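Comments concern the structure below.
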Amino acid sequence: MRVLVASRNKKKLAELNRMLEAANVTGIELVGLGDLPEYPETPETGATFVDNARIKTNDGVRHTGLPTIADDSGLAVDALNGMPGVLSARWSGGHGDDKANNDLLLAQMGDVPDERRGAHFVSSCVLQLPAQVAAERGMETEYAVEGRWYGRVLRAEQGEGGFGYDPLFAPDELPEGQEEQLAGKSAGELTAEQKDAVSHRGKALRQLVEILAQLAD
């Protein structure tokens, strides 16, 4: 079955495909927004991560008639009262300018002592099914899942992997058996597979994969 992933980020599609393969789920063809000839941009006007994900899945089902997955993820910094939060991608004013966002966060955290640099990533994922598909499969029309990844904000970027705030985030939780080897590393220094094992998105997507298995042809 074709399933729309309401994102133009190819890394997100690759991430979900890895999760499906790891769970031996076949028969799901993921389609990204970049694969569609025309698709209007969806404004992210929600007050929470799950609100934004739901806005995108509603649009996806309405425009394509396909089961649609969307996520909204971000970084919540304790010393900033949970911000950037839902504004993570556009914290510096533009949208998706990782360097500007990271530079601004570093400036805002410049005087914050180590013991107050706690933060966590949040990923809210929503799967919405067209009513007919849900009825045929005996499923709900909407599923929402969430994953969190706790750590702290570093004082300088480390690593060039991942995306977003990854180079500034030192996770508390690391892949089992690799804690000593990876101690002090940023999320931007982990491999994709290492991130999948422990990250907020990895946790949310594993829950989603269990649901997607019911759609496999």
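The backbone N, Cα and C atoms fix where each Cβ goes, glycine too.
Among SER73, SER124, only SER73 appears in Swiss-Prot as part of the substrate site alongside SER7, ARG8, ASN9, LYS10, LYS11, LYS12, PHE163, GLY164, TYR165, ASP166, LYS195, HIS200, ARG201.
Within the same chain, the residues at least 6 positions away from HIS200 (substrate binding site) whose Cβ sits under 8 Å from its Cβ are SER73, HIS120, PHE121, VAL122, SER123, GLY147, ARG148, TRP149, listed in sequence order. Annotation for ASP166 (substrate binding site): same-chain Cβ neighbours under 8 Å, separated by at least 6 residues, are GLY159, SER186, ALA187, GLY188. In the three-state DSSP reading, HIS200 (substrate binding site) counts as helix.
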